[in-house]
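Novice: I am attaching a structure below and will ask some questions about it afterwards.
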Amino acid sequence: MFLLNWQVTSRKDQHQYWCRRDEPYRYISVNDFSDAFKEFHVGRNLGSELRVPFDRSRNHPAALTTSKYGISKMELIKACFSREWLLMKRNSFVYIFKVLQLIILGTIGMTVFLRTKMHRRSVEDGAIFLGAMFLGLVTHLFNGFAELAMSIAKLPIFYKQRDLLFYPSWAYALPTWLLKIPISFLECAVWICMTYYVMGFDPNVERFFRHYLLLVLISQMASGLFRLLAALGREMVVADTFGSFAQLVLLVLGGFLIARDNIKKWWIWGYWSSPLMYAQNAIAVNEFLGHSWNKVVDPTQSNDTLGVQVLKLRGIFVDANWYWIGVGALLGYIMLFNILFILFLDWLDPLGKGQAVVSEEELREKHVNRTGENVELLALGTDAQNSPSDGRGEIIGAETRKRGMVLPFTPLSITFDNIRYSVDMPQEMKEKGITEDRLLLLKGVSGAFRPGVLTALMGVSGAGKTTLMDVLAGRKTGGYIEGDISISGYPKKQETFARIAGYCEQNDIHSPHVTVYESLLYSAWLRLPSEVDSEARKMFVEEVMELVELTSLRGALVGLPGVNGLSTEQRKRLTIAVELVANPSIIFMDEPTSGLDARAAAIVMRTVRNTVDTGRTVVCTIHQPSIDIFEAFDELFLMKRGGEEIYVGPLGHNSCHLIDYFEGIQGVRKIKDGYNPATWMLEVTTLAQEDILGINFAEVYKNSDLYQRNKALISELSTPPPGSKDLHFPTQFSQSFFTQCMACLWKQHKSYWRNPSYTATRIFFTTVIALIFGTIFLNLGKKINKRQDLFNSLGSMYAAVLFIGIQNGQTVQPIVDVERTVFYREKAAGMYSALPYAFAQVLIEIPHIFLQTVVYGLIVYSLIGFDWTAAKFFWYMFFMFFTFMYFTFYGMMAVAMTPNSDIAAIVSTAFYCIWNIFAGFLIPRPRIPIWWRWYSWACPVAWTLYGLVASQYGDITYATLEDGEVVQDYIRRYFGFRHDYLGYVATAVVGFAVLFAFVFAFSIKVFNFQRR
């Protein structure tokens, strides 16, 4: 009935319901229907009732609510606390992993900064202690970054519930803040108990707890900051960029990378605004004003204690009150960030909302449906005077049935006999006492699917519909398959079968940043035989687009499901078209109408029917269809729970054959007039009905004449026709390796070009960071008179490498994760091998990274004032280019080696922290204990800093530092960097980029985290 309501007002479908046989058909517009309803007695009565004003005195006092929310504020906060606590328990893996990560980093940190190697003899020793304290602060700052991803993931639900007045923003935000406070205490306790005394900090117990308090506050500040940035960014790539930018500003202006005295006056406000500055000053005075540093090393040069000398050298305040100033400032920032988080949740809306793509042609069609004007703009598809059709015609509409297309294909049948599929018995079932080693999901299923016949594969949940389809299509990635599968009489070989079969997945997986036409052209390029030239491919794509009614959407971006781009129904049709352009003989469709309304389902089924009428073999799993959709099928393959067939045969007109079969079984209740045969069939064949009737429908079927006819049909179709040949292709893939690479690269180029939230944001971020660095470190590259001058220059290099590099690694991960899902589908379809895909994913990044390097390098090199010699400039650009590259490839590699981007981000963050320790800035390589020095050679960031510092300062012999030491000698003694080793350093940096790209390609080829 709902489908009829939709179709009777549609100009494309209305003619089939024309009942005035003595009059030629004319289109009745929606406005005409509206006017007729107003003249109908129901419409007139409704109008009369509406003209009488409502008597408010008759209104029930409870009919209109006076409160904005359904429950009290206390109940709201209790409900939100309960929900957040439940989410935390279910996400316990994240918190456990963070604690394990802290344990690992703490173990590394305390053994690198081991107290037996940490002396208090000079200012240089104090710098090492400052590095150890900075490591603790930065570790807890980075540890809060996980809040950003978790907050972004929850925002879509929050916006929906907020707009439906489930709760106010403050009720949602408070639990996310308050419940994380104990987590911060626990994480910081783990860190400080492992590191404080082992690293050799001041043994005073009071200073121990002061140190602990500062770590808790910095952890809470970081959590609040990243929640705030999630609410502000509202989208992962944007929020990631904001997060990296915030970390950068905090660290660069925190007083460690560049001393306070060297910060330019136009940036000093940033120094006073950085929470990390207050934490750095507080934690430093807590340590260096302690008893352990209360000694004068050389009275002839200074009467200050060693601790005060260290503080003054690094531009840190020496007043003990700065500890409490730092504590107060951090508490203020915690309050500020969490209040802003609540306000942004209340003020801001989602960046993008799901919406269908409506073409100009569709808008004209809607106008015509409503008014009846300009009917000549669009053809009806058939003669307007056609009489209504029966059965399938209601779904097919008036579309012309086609047999034969631009590209010919061979109609093929598929038969399967006694198919059994099992998996290893789940552990929880073994614990319940089950002794079998395997769980049988399909129990000897047999059947045949033929060309030009549309078969519905149905059954209750757990019957094995999708399992059977996956087995027949060769999509199972695990389990044990037994039985015979034949293609037109010849044994099925998966390598060749993938070339002649299509599989329309239920999830409609496509690359989001290409158009509908490009998606189809790409599929045709890789799946049609290489003998088909470009023009023929394009003609075939156009024909398929017309067949599935996508012509009006040819230029629309596919988009992400539920976010932007195509609607669900349009994506379904695109999924079918992507398989059709491969010119397959057999097509499997998994739930093609799921999630669609009646009208959309009718459009999709019309597309499916058009596909069948070209002479292809089409099988669809379907779940509780409407009468109209069910009647569109020719045959039914019905399964019961447990993986057995109970009816395999024709439906007949109005499902007469199906109804006759089941009503012929003693005890089965008769179908009511007008009742949906599909619903009735599922109701009378349940396990509960079997128990009531005392029968097994699978046994009834196997003892029926229908079963014998099907076995005879299977036997007949399992014999090769005379003169036929087995399927054979000279190569596994339709196209050569080079063509696969070019096609994958073409699609990646289109995707990157249309994804400015990734590509443009990265360049914008890089430009802003370059300007910030350049203006903060303005002309400091020319100053090499003091050790602090060298540390300032090294700080600019260290910060750029870490922050821009980490930004590259983080932002590429969601991109690769989305495309990897598409890769699984395309690889299973036999479009290409894994290596061309990996090659394209790696290669497309190189020009973007090169542009990023040029933008950053030119701005920073000129503003900081490094030496303008060709060799030093190109060495600088070389090392930055390959550093950005290996960070990007590392991010891609982490995704390829893990199940999803969330785990990849957590693993990556752990390694970024480890690289930070061994980079050579917090502690130089010669001061690293011998048992960890090997890893400094395996740390890519250490090689980058080696190359950047050695190329700029490693050959300077004309300048001396404040104590008379030559710059070249100091670089060699303190950092262990030698200018004459630059060739080896360059080879190592290039080697890391190549290694990460190779591991990415290897992981994409070997690991498959899609389980079917």
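Cβ from N, Cα, C; glycine included.
TrEMBL labels come from automatic prediction, so no person has curated them.
Straight from TrEMBL, here's the annotation block:
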TRANSMEM  126-146  transmembrane segment
TRANSMEM  177-199  transmembrane segment
TRANSMEM  211-230  transmembrane segment
TRANSMEM  242-259  transmembrane segment
TRANSMEM  322-345  transmembrane segment
DOMAIN    414-666  domain 'ABC transporter'
TRANSMEM  760-778  transmembrane segment
TRANSMEM  790-807  transmembrane segment
TRANSMEM  849-866  transmembrane segment
TRANSMEM  873-897  transmembrane segment
TRANSMEM  903-922  transmembrane segment
TRANSMEM  934-953  transmembrane segment
TRANSMEM  981-1004  transmembrane segment
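Give me the structural setting of these features: burial, nearby parts and distances.
Specialist: Residues of the same chain lying 6 or more positions beyond the ends of the transmembrane segment (126-146) and with a Cβ under 8 Å from any Cβ of it are 94, 98, 101-102, 105, 109, 113, 118, 120, 187-188, 191-192, 195, 199-201, 214-215, 218-219, 221-223, 225-226, 243, 247, 250-251, 256, 276, 279-280, 283-284, 287-288, 293, 306-307, 309-310, 313-314, 905-906, 909, 912-913, 916-917, 921-923, 927.
Residues 81, 84-85, 88, 95, 98-99, 102-103, 106-107, 109-110, 113-115, 118, 132, 136, 139-140, 143, 147, 208, 211-212, 215-216, 219-220, 223-224, 227, 338, 341 of the same chain sit 6 or more residues outside the transmembrane segment (177-199) yet have a Cβ under 8 Å from a Cβ within it.
Counting residues 6+ beyond its ends, the transmembrane segment (242-259) has Cβ neighbours under 8 Å at 130, 134, 138, 141-142, 145, 148, 225-226, 229, 232-233, 267, 270-271, 273-277, 279-281, 313-316, 765, 768-769, 772-773, 776-777, 780, 788, 791-792, 795-796, 798-799, 803, 806-807, 810 in the same chain.
Below 8 angstroms of C-beta separation, residues 237-238, 241, 244-245, 248-249, 252-253, 258, 263-264, 266-267, 270, 792-793, 795-796, 799-800, 803-804, 807-808, 811, 848, 851-852, 855-856, 859-860, 862-865 of the same chain, each at least six residues beyond the ends of the transmembrane segment (760-778), sit close to that stretch.
Listed as Cβ neighbours of the transmembrane segment (903-922) (distance under 8 Å, sequence separation of 6 or more from its ends, same chain) are residues 94, 97-98, 101, 104-105, 108-109, 112, 131-132, 134-135, 138-139, 142, 145-146, 149, 794-795, 798, 801-802, 806, 809-810, 813, 817, 890-891, 894-895, 897, 928, 932, 935-936, 939-942, 945-946, 975.
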Novice: Using a Cβ distance cut-off of under 8 Å, indicate which of 211-230, 322-345, 790-807, 981-1004 has the most pairs with the transmembrane segment (849-866).
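Specialist: Most Cβ pairs under 8 Å with the transmembrane segment (849-866) come from 790-807.
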Novice: How about long-range neighbours of the transmembrane segment (981-1004): same chain, 6 or more residues beyond its ends, C-beta under 8 Å?
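Specialist: Distant contacts of the transmembrane segment (981-1004): 820, 823, 834-835, 837-839, 841-842, 875, 878-879, 882-883, 885-886, 889-890, 892-893, 896-897, 940, 943-944, 946-947, 950-951, 954.
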Novice: Checking distant contacts: for the transmembrane segment (790-807), what same-chain residues at least six beyond its ends satisfy Cβ-Cβ under 8 A?
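Specialist: Same-chain contacts beyond the ends: 240-241, 244, 247-248, 251-252, 256-259, 262, 762, 765-766, 769, 773, 776-777, 780-781, 783-784, 852, 856, 860, 864, 866, 880, 883-884, 886-887, 912, 915-916, 919, 921, 941, 944-945, 948-949, 952-953, 961, 967, 970-971.
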Novice: State the non-local partners of the transmembrane segment (211-230) in its own chain: residues 6+ outside its ends, Cβ under 8 Å from one of its Cβ atoms.
Specialist: 136-137, 140-148, 151-152, 155, 173, 176-177, 180-181, 184-185, 187-189, 191-192, 196, 201, 239, 242-243, 246, 275-276, 279, 282-283, 286-287, 326-327, 330-331, 333-334, 337-338, 340-341, 344
Novice: Pop the mean pLDDT for the domain 'ABC transporter' (414-666) in here, whole number is fine.
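Specialist: Reported value for the domain 'ABC transporter' (414-666) is a mean pLDDT of 89.
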